[in-house]
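Feature list (source: TrEMBL):
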- B:90-281: domain 'ABC transmembrane type-1' (DOMAIN)
- B:1-23: region 'Disordered' (REGION)
- B:40-59: transmembrane segment (TRANSMEM)
- B:88-113: transmembrane segment (TRANSMEM)
- B:125-149: transmembrane segment (TRANSMEM)
- B:161-181: transmembrane segment (TRANSMEM)
- B:202-227: transmembrane segment (TRANSMEM)
- B:260-281: transmembrane segment (TRANSMEM)
Amino acid sequence: MRKLLVAVAAAALALSACSSEGGGGSDGNVTITFWDNNGGPAREPIYKELISRFEAANPTIKVEYVGIPSASVQQKYDTAIAGGETPDVGGVTTSYLAHLVGQEALAPLDDRINGGALKDKLLPSLVETVRQTAPDGKLYIVPSSANMDIIWYRTDWFEDAGLEAPKTWDEFITTATKLTDTAANKYGYTIRGGAGSVFQLITEAYAYSGVDTFFKDGKSTLNDPANAELVDRVADLYKKATPEADVNNSFTQMIAQFTGGSVAMMHHNLGSYSDVTKALGDKVAAMPLPVGPSGKRTVVPNPTDGFAVFKNSEHQDAAWKFAEFLTSAESNSYWNEKVGQIPANTDVRGAAWIDQAAHVKMALGVLEDPTTVLVPAPVYLPQYSSITKTDSEPQYQKVLLGELSGQQFLDEMANKLTEAQKEWEDRK
Amino acid sequence: MTETLTRPPVDTPPPPRPTKRRRRAVAEEPGKPWMIHVPLVLYLLFTLIPFYWMLVFAVRPSGSTQLVPWPISLEHFDTVWNDIGFGIFFYNSVVMGLGVLVFVTILSVMGGYALARFKFRGQRVFLLAMLCSQFIPGAMMLIPLFVIFKGLGLLNSLTGLIIAEVAFQLPLSLILMSGFIRNISVELEEAAMVDGCSRLRAFFAVVLPQLKPALVAVGSFAFIGAWNQFLFALMFATKQDKFTLPVGLSYTLGEFNTDFGALAAGGVVAAVPVVLVFAVVQRFLVQGLSAGAVKG
């Protein structure tokens with residue numbers, strides 16, 4: 001028995017000895033690993049192209065691309081951090097940035113950004129969003145791309161009905177009702193009632209109410225009566241101007257309904273650009289979320305995408321070089337053009353493709369408009385995602401089914417958020 | 001009770017002798033075809049329609065909404081196999097599936113035999129521990145296993161995946177297998193040993209041939225369990241060429257864009273081997289499961 005144990009131990013030692021991976025060779029070449037946080041066939045070729053450009057410009061650095069399925073990326077990072085096996089560079093969005101910073105996994109990038117070519121070249125609103133996400137106000141990712149909530153609509157349906165894209169919520173609701181013909185299986189709007197619903201609902205509520213801050217004197221403004229009014233008005237549309245199946249709609253079903261041709265308007269974000277245009281071609285266009293009775297345009301920004309350098313990396317300089325390259329005007333322009341999102345690098349503003357990409361131009365216009373007020377959601381709260389998803393999504397379904405009022409629903413969520421915010425302030 | 005017994009039998013007329021017509025009716029009753037076939041067909045449809053749906057999505061060109069796809073297009077298969085890398089994922093899954101099958105089968109036969117044929121101290125405790133290990137969800141073992149595998153250099157290798165999966169599947173297979181072996185009568189083995197066989201020879205000559213259904217049941221479940229393993233495969237592989245099929249499938253689901261055609265084609269690629277395995281072994285499977293599960 002003892003012999004066997006010794007043999008096993010020896011084998012284990014031998015195995016672990018073989019595995020010590022050498023990133024830096026004696027010839028000065030290094031290999032860095034890059035994790036794409038939204039890996040998949042759609043984005044892999046874009047990154048592969050950028051990597052080959054980077055390697056051509058930096059012959060001593062090799063980049064190994066790993067695409068992580070977006071649904072599991074947070075768990076994958078957590079496991080990697082716990083096991084000490086993090087990549088050198090990784091795509092990270094502000095939605096789980098605070099979590100990674102909390103585990104002290106990332107290297108702050110302020111000095112690197114300010115000491116290099118990216119100084120003053122990044123959209124201030126995005127930099128601010130990133131800064132606010134970290135408990136210490138440092139930049140742990142270099143922002144590369146942003147997304148915005150918009151409403152995709154069928155230009156052909158609007159033309160046939162002689163309607164124009166609605167600018168206010170009142171117009172929006174009448175338009176949705178007008179475009180509905182339940183007998184012909186045509187609906188004016190589709191509500192996201194399943195996974196991811198509440199995040200969208202919050203952006204709608206603030207767009208409607210014009211409330212311009214998420215917390216006032218430490219209390220969540222989410223249950224503002226004007227926000228509740230919007231929730232009730234949307235719930236009122238359910239089944240009247242939207243398909244009945246909406247109560248369980250996640251992104252996939254929602255988009256299937258819209259691209260399948262039975263729905264006139266869908267609230268999502270720029271990210272679905274390739275899906276909707278692939279299916280509907282030029283019969284689809286984007287409009288900003290309508291404005292409420294206050295007349296103010298308030299936007300709850302989407303998570304900002306960026307690149308992080310991991311603290312554990314043995315090649316932080318090379319890693320930063322790659323992150324900086326990905327955010328340079330040329331790469332940033334190339335990437336965002338392909339995925340149809342808002343580029344973070346302000347030098348891209350003048351690129352020719354932005355003039356042609358009406359939806360990006362529209363979104364940039366909203367972000368640049370001095371009257372637009374950004375109301376960042378407190379994604380830095382560790383409980384934020386469990387409060388808005390696990391706790392609230394089933395409750396919202398009750399609202400849609402008429403079992404709960406909008407005010408009750410928001411009160412409940414606001415209380416939890418206020419409490420979480422207080423805890424967070426106390427710990428700071 | 002007694003009343004009916006004391007009553008003279010003449011009071012109740014004897015049951016009429018079955019006439020020809022009546023006999024036919026009795027014979028027909030259980031066999032009314034629609035009573036069996038209609039529910040079965042409904043059930044079959046219920047089970048098959050999702051598969052049909054997947055198949056339709058996989059073989060019709062993107063953008064098409066036909067319910068009966070014609071002409072059949074293989075573009076999605078080309079995409080998943082060549083562009084997304086399902087060729088490699090498939091290979092990895094096959095290697096992993098076969099590895100798990102081989103180890104789980106061999107180890108469970110060995111352990112199962114010991115549990116069924118020998119009495120040793122701590123046998124019950126051992127069995128109980130095996131059973132209890134089934135209550136621990138894989139997700140809880142993730143980080144400890146990750147750290148151990150990192151130390152052993154087993155991350156990013158199919159060997160590591162096989163070891164993890166075998167460890168998780170072995171307890172149940174072991175219990176199942178010992179149940180099978182207990183059902184094979186000891187007398188046969190003893191007879192062989194009286195005739196001069198060693199215990200080992202008796203095992204190979206007498207026990208193993210009778211274990212065929214058990215081997216098929218345990219082996220095919222091991223294979224399918226490994227084939228569907230997602231969590232470990234996702235977490236332990238940090239190189240794309242070590243992804244397995246389930247990871248590859250989730251890889252086709254982007255945050256913002258999902259290519260349904262590719263996803264469905266990938267699903268077909270992942271489902272076909274499992275369907276084939278079941279088609280081949282289903283005869284043994286039913287036999288094997290009932291033999292082991294109930295009596296074990």
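Backbone N, Cα and C define each Cβ position, glycine as well.
Highest Cβ contact count with the transmembrane segment (B:161-181) among the listed stretches B:40-59, B:88-113, B:202-227, B:260-281 falls to B:88-113 (criterion: pairs under 8 Å). Ranked by Cβ pairs under 8 Å to the transmembrane segment (B:40-59), the stretches B:88-113, B:125-149, B:260-281 are led by B:260-281. If you look at the transmembrane segment (B:88-113), the same-chain residues 6 or more away from its ends with a CB under 8 A from one of its CBs are 81, 158-159, 161-162, 165-166, 169-170, 173-181, 203, 207-208, 211, 215, 218-220, 222-227, 229, 233, 241-248, 269-270, 273.
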